Amino acid sequence: MPILDEKLGDIYDEVLRRNPGEDEFHQAVREVLDSLGPVVAKHPEYTDAAVIRRLCEPERQIIFRVPWVDDSGAVRINRGFRVEFNSALGPYKGGLRFHPTVYLGIVKFLGFEQIFKNSLTGMPIGGGKGGSDFDPKGRSDGEVMRFCQAFMTELYRHIGEHTDVPAGDIGVGGREIGYLFGQYKRITNRYESGVLTGKGLTWGGSQVRTEATGYGTVFFVEEMLKVRGDSFDGKKVVVSGSGNVAIYAAEKVRQLGGTVIACSDSNGYVVDEHGIDLDLLKEVKEKRRARISTYAETRSGARYVEGGSVWDVPCDIALPCATQNELNGRDAAVLIDNGCAIVAEGANMPCTPDAVRLFAEAGVLFAPGKAANAGGVATSALEMQQNASRDSWSFDHTERRLADIMHGIHDRCLEAADRYGKPGNYLAGANIAGFIQVADAMLALGVI
Ligand code: GLU
């Protein structure tokens, strides 16, 4: 790890001391602090007003019990979280994750990242995140509904279109947002569309929201290629994961002339040299909610590898779209050896610090999640705009807005990287540009 300057080192030590055992949160804070040396050197006003120290402490953290009854009649207890991290730029905005690994440290890492991501979109949204250690895998529709209703029965008092606007993340898609919205409406007796995003198209949702995170990541990479006089044409791409982000990243790669030759789930990966059949992948994952081994059983020519790492498959471009810390130093070394030139994070913090360091040393272009995957939350902000004006836009119009936003984020990263002496460094640029906008708003709003 690089050495932090003294002031930033003290802030990091304080974060470690105040948040024991929250490794992912430490990692997310460290990644931002590593980029801020030149910023604090040039702007003592941020340190004088303790802006970074305030940013590292969430404005509000809510932890609650979620009791529900399973199909056999047994009472189950899960833990619910909502961390309202920073509202300098707008209402707290960020998804809910339902996954057995969820604990406060995961929610805080995601909420912290969300502040800078949302800032980079240039839209009026603050940062927050929530979720539960509930595992939707293998649960019936009825169980998922009862869980969502129990979760919202506590959450509703903390959210609102001008306060905090949750959405989906891992384990929370259209079905869950439906049950959550239904319960919010029932308890409050208000049809408040702007309280959640990721809604269905017939009840206040936005076109392109489902596709937005994956499409946005690929628009970002398209821009990275374009400034180098290149394109997706003929490129081999490996995508990890096979959820919403991975599926729609793969779809956009294909539309732009690239070939996605592999994808994965937590059990293994599939290699399909002719290009992943997206209709089949959607059928397996979205309709049947099955494992990707089913894909390989159905498609001739596809190979399923149980266990192992999808990053062993040689490619020009790697898009980690599964989960945090899924691509480690060993994987990075293999990708580099195989000639991979670009890595862009569709998931939140999928590359370990070791992997990121190796990419930088090898000259692999690296786009961090807070820039590359911001298309999802940006389209949520477009959903909020449509809800506020009781309007709904066409698919084409919304997709054009998303593409423009991603191009804007790309340019903002490069411009900030240049200005602070790190030309071409998307990681530094994203952290610096995201930080400065929030920091300036915090200065303007006073010590609150
Ligand atoms: N969970 C997504 C993210 O990581 C989207 C959040 C949202 O739409 O509010 O950015």
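Residue numbers in this text run from 1 along the chain shown.
Here the Cβ of each residue, glycine as well, is placed from N, Cα and C on the backbone.
Annotation comment: TrEMBL describes Lys129 as active site, proton donor. Packing around Lys129 (active site, proton donor) is summarised by its Cβ count: 31 other Cβ atoms lie within 10 angstroms of its Cβ, all protein chains included.
Among the features that TrEMBL reports, substrate binding site is placed at Lys93, Gln114, Lys117, Gly168, Ser380. Same-chain residues at least 6 positions away in sequence with a Cβ under 8 Å from that of Gly168 (substrate binding site) are, in sequence order, Gly95, Leu96, Gly174, Glu176, Ile177, Gly198, Asn244.
For Thr213 (NAD(+) binding site), other Cβ atoms within 10 Å of its Cβ number 31. Sequence annotations record features per position, and here TrEMBL assigns NAD(+) binding site to Thr213, Asn244.
For Asp169 (site 'Important for catalysis'), the count of additional Cβ atoms within 10 Å of its Cβ stands at 27 [all protein chains shown]. Taken from TrEMBL, the feature site 'Important for catalysis' applies to Asp169.
The Cβ centroid of Lys93, Gln114, Lys117, Gly168, Ser380 marks the substrate site; residues of that chain outside this set whose Cβ lies within 8 Å of it are Gly94, Gly95, Asn118, Ile125, Gly127, Lys129, Ala167, Thr197, Gly376, Val377, given in sequence order. Close contacts with ligand 1, defined as a Cβ under 6 Å from any of its atoms, occur at Asp169 among the recorded positions Lys129, Asp169, Asn244.
Of all the recorded positions in the record (Lys93, Gln114, Lys117, Lys129, Ser380), the one with the smallest CA separation from Thr213 (NAD(+) binding site) is Ser380. Sequence-distant neighbours of Lys117 (substrate binding site): residues of the same chain at least 6 apart with a C-beta under 8 Å from its C-beta are Gly127, Gly369, Lys370, Ala371, Asn373, Ala374, Val377, Gly434. In sequence order, Lys93, Ile125, Val165, Ala167, Thr197, Gly198, Ser206, Arg209, Ala212 make up the list of same-chain residues 6 or more apart from Ser380 (substrate binding site) whose Cβ falls under 8 Å from its Cβ. When the alpha carbons of Gln114 (substrate binding site) and Lys129 (active site, proton donor) are compared, the span between them is 8 angstrom.
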